[in-house]
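Trainee: Dropping a structure here in structure tokens format, bear with me for questions.
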Amino acid sequence: MADPNPLLSDFQSSESKLPPPRSLDETIEQCIGNFGWAQFLQAALVSLAWVFDAQQTFITVFTDSQPTWHCTESERVDSVCNTSSSNLCTLPNQTWSWDFNPHVSIISEWGLQCAGSFLKGLPASSFFLGCLIGGLVLSTLADSSLGRKNMLLLSCLVMSLSSMLTAFSTSIWVYAFLRFLNGCGRATIGTCALVLSTELVGKKWRGKVGAMGFFCFTLGFLSLPMLGYINNGNSWRYLYVWTSIPTLIYCCLVWIFVRESPRWLIVKGRKEEAVSILQSIASNAITMSFTNLCFDVQEDQSKSNPDVYNALKILVRKSWSFRRLLAAMVVGFGIGMVYYGMPLALTNLNFNLYLGVVFNALSEFPAFLITFFFIDKINRRDALIGFTALSGISSALIAVLGQQLGSLQIVLELVSFFSACTAFNMTLIYTIEMFPTCVRNSAIAMVRQALVFGGVFSPVMVAAGRENQFWSYGLFGLVIALCGLFVFGLPETRGSVLCDTMDEEEYKTLAKRQFIG
């Protein structure tokens with residue numbers, strides 16, 4: 001009877017002839033260090049999840065906006081109504097009318113134009129609250145039981161179905177609840193996509209593959225003003241339908257074509273599956289060599305692999321990992337406040353909303369290009385400190401100088417948002433490099449939670465900033481600049497080897513300190 005898995009047999013027969021590797025990173029480098037089409041297609045397909053992530057994150061900029069209105073002809077003659085100076089809520093209903101059908105926005109459809117800021121911002125707040133709770137509940141499942149692929153599939157499916165149901169909302173309360181569910185599903189998409197795509201390649205291509213996700217997020221962001229312009233004058237519900245159907249199709253593609261992370265499978269002790277995946281993305285000769293090398297490492301690592309929620313306990317138990325996680329989360333909080341707040345605050349500037357969103361989306365492209373082409377050449381710490389400082393200064397200038405800037409306001413806004421985008425991208429890649437495989441997904445999920453947590457405060461600050469820009473742009477600049485200083489407490493990771501266990505990472509850190517000392 002033929003051996004069903006000759007690779008494992010070769011491993012057993014030649015075990016004594018080959019020295020064990022120091023880490024899975026080194027053996028994966030031997031196997032798939034040369035970036036081929038198989039790895040590219042896998043990474044590109046996984047990174048597409050960011051497109052739908054971006055759409056659901058910023059879709060309320062258009063669905064929840066207050067439409068333009070005009071005075072009725074008779075009232076315009078009597079000078080009772082003036083669109084530039086009149087308060088809509090103080091005018092009789094017969095003196096004004098919406099420019100488009102009331103169904104273009106939830107504000108006009110449900111008569112929320114005079115509602116309080118809390119009720120108007122409830123859907124956006126519910127979405128970010130869902131992101132927080134969903135991230136806390138689901139973040140460790142990708143490290144423990146479900147794995148990277150299944151967690152990505154589940155998240156996209158929940159986000160897609162909840163988005164479709166949102167189109168049938170009957171009230172602001174139902175709408176806010178469905179936005180909450182949407183946020184729960186969306187919470188782990190970026191985390192799983194980033195970790196899965198980077199774990200499929202070697203160290204040389206890790207930063208560039210991670211940047212592919214940021215590029216896809218930019219495409220998703222940029223698609224929103226295009227969809228909003230096409231849908232101009234039509235019901236806001238169509239936007240949710242148009243963004244949910246492609247996500248459902250993507251879920252089918254993930255189920256059929258995307259492979260699980262070989263790193264995660266090996267750490268979990270699932271040798272045969274890891275070998276099968278490595279055979280599909282690398283040449284047979286190299287895969288054979290990798291198989292012979294990697295499983296000595298796995299035997300020790302599977303014992304230390306955490307169960308559900310144990311990953312977070314491990315992160316807190318070790319003082320060095322807790323300090324890293326805390327500092328990275330503080331930095332993420334400041335960056336997230338500016339990143340999610342700037343597009344919402346465009347309504348506070350005297351500038352076209354559609355063009356403002358387009359320019360904000362386009363500003364993510366240079367942020368992506370910097371991350372893609374220079375991630376292997378620049379120090380993480382220096383870059384993060386520089387970009388957070390630049391974002392803070394630009395945002396603060398908008399608040400200090402105000403209307404004196406004129407059209408320069410949008411220029412400073414774009415500089416601040418671009419800097420926050422670049423810092424956002426680099427923070428996620430930085431986090432990947434600071435934590436070992438057994439807790440990496442959980443660590444980056446917590447940092448993403450901090451980014452989202454910063455976004456929770458943004459709508460409130462934007463609403464307050466309509467009267468005084470210090471409470472929006474001023475606080476944006478102050479918070480991101482101060483939080484950026486916590487980068488000084490993090491180690492430099494450029495060019496470092498990815499570790500797989502906490503002990504391995506701790507040993508690497510101690511060795512580096514002794515070398516420097």
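Quick reminder: no glycine exception, Cβ is built from N, Cα and C everywhere.
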Trainee: Among 37-54, 325-342, indicate the range for which TrEMBL gives the feature transmembrane segment.
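Mentor: When 37-54, 325-342 are checked in TrEMBL, transmembrane segment belongs to 325-342.
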Trainee: Under 8 Å, at least 3 Cβ pairs, sequence separation 6 or more: does that hold for the transmembrane segment (470-490) versus the transmembrane segment (325-342)?
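Mentor: Result for the transmembrane segment (470-490) with the transmembrane segment (325-342) is yes.
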Trainee: In the same chain, which residue numbers or ranges, 6 or more beyond the ends of the transmembrane segment (325-342), come under 8 angstroms Cβ to Cβ?
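Mentor: Distant Cβ neighbours of the transmembrane segment (325-342) are 57, 128, 315-316, 360, 384, 388, 391, 395, 413, 416-417, 420-421, 423-424, 427, 430-431, 434-435, 443, 446-455, 457-459, 461-462, 472, 476-477, 479-484, 486-487, 489-490.
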Trainee: Within the domain 'Major facilitator superfamily (MFS) profile' (42-495), what mean pLDDT does the predicted structure show?
Mentor: 83
Trainee: Using a Cβ cut-off under 8 Å, which residues of the same chain at least 6 positions beyond either end of the transmembrane segment (408-431) come close to it?
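Mentor: Counting only partners 6 or more residues beyond its ends, the transmembrane segment (408-431) has Cβ contacts under 8 Å with 190, 194, 206-207, 210-211, 214, 328, 331-332, 335-336, 338-339, 342-343, 345-346, 349-351, 356, 359-360, 363-364, 366-368, 370-371, 375, 380, 383-384, 387-388, 390-392, 394-395, 397-398, 443-444, 447-448, 451, 473, 476-477, 480, 484, 490, 493.
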Trainee: Would the transmembrane segment (122-141) count as touching the transmembrane segment (180-197), if touching means at least three Cβ pairs under 8 Å and pairs must be 6 or more apart in sequence?
Mentor: yes
Trainee: Can you name the far-off residues of the same chain, 6+ from the ends of the transmembrane segment (443-464), with a Cβ under 8 Å from a Cβ of it?
Mentor: 117, 120-121, 124-125, 128-129, 131-132, 135-136, 139-140, 142, 187-188, 190-191, 194-195, 311-312, 315, 321, 325, 328-341, 344-345, 347-348, 424, 427-428, 431-432, 434-435, 471-472, 475-476, 479
Trainee: Near the transmembrane segment (354-375), which residues from the same chain, at least 6 beyond its ends, have a CB less than 8 A from one of its CBs?
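Mentor: Beyond its ends, the transmembrane segment (354-375) has Cβ neighbours at 58, 61, 207-208, 210-212, 214-215, 217-218, 221-222, 224-225, 228-229, 342-343, 346, 410, 413-414, 417-418, 421-422, 424-426, 429.
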